[in-house]
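**Q** Residues annotated as region 'Disordered' in TrEMBL: 28-49, 170-194. According to TrEMBL, the feature compositional bias 'Basic and acidic residues' maps to 36-46. Positions annotated as repeat 'RCC1' by TrEMBL: 94-145, 146-235, 236-289.
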Amino acid sequence: MDEERRGTWFGFGFCGFGQALGSGLGRQVHSPAVQEAEHGPSRDETQAGPLPLLPCARAYVSPRPPFYRPLAPTLRARRLELGAEHALLLDAAGQVFSWGAGRHGQLGHGTLEAEPEPRLLEALQGLRMAEVAAGGWHSVCLSETGDIYIWGWNESGQLALPTKSLAEDGKTTAGEASGLEEDGSEVKRGSAGEDGAPAPFIAVQPFPALLDLSPGSEAVKVSCGSRHTAVLTRTGELYTWGWGKYGQLGHKDTTTLDRPCRVEYFVDKQLQVRTVSCGPWNTYVYAVEKEKS
């Protein structure tokens, strides 16, 4: 077994509320900045502490808080992810359940209706999922074979599908989107493209759509911000896309993207990304030096 290499935490994006983002100046960090702590995540270091509360706020210390609602006895939860208005659950069998608000298609059931109880994502039945992630109003999951499925709101290109907001700015990178409207997507047509055909824009994708990341790339980890998405590959490369106003994509600017784009900082520094975690408007990464051949 290889000896564990010492790594470093990096952060980029919004830092207006005191988030530690290295030596970034002002309220934004557009490129990965080294954090002070240089050790990796460890379960042994997790400690309990006092819960800070705002004036007049209340905290419940109880094995059964007032909002407690048991899941079905047959539902063996493996991972739970929370979006702004929806929840995703991955069970022990690799199945995905979703519930909550659905007006942006974030539940993946093909409608914009809300679901009061966990509902099996039938479109993914027969495929064992290894990871799930919930953004503000979009959802992503990874299969055990490394395939990426994504659905929900695409207002800022967070689904890696062509979006009208970028087209209006002249920045859209519309890829292949033919046929998506057949499965229930809300497709809006914009101005004609080079071939004279109207350009397709995906506003809402209510069914899981298979995303091609990059030829030969196998995804192993995914995380979502409010309107951006980050995927880690088995080779330690990081891809990000979606809303980039605060530099949360890590591409040295504030560009918003509707296609996966590799974060070149880690490639240039000969670093392998080991884990990624997105806040609403920022991104944190743990990376180690590449092994020398």
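Glycine too: its Cβ is placed from the backbone N, Cα and C atoms.
Please treat TrEMBL annotations as automatic predictions, because they have not gone through curation.
In terms of burial and nearby residues, how do these features look in this structure?
**A** Mean predicted confidence for the repeat 'RCC1' (236-289): the pLDDT average there is 95.
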**Q** DSSP says what for the repeat 'RCC1' (94-145): how many helix, strand, coil residues?
**A** 3 helix, 23 strand, 26 coil
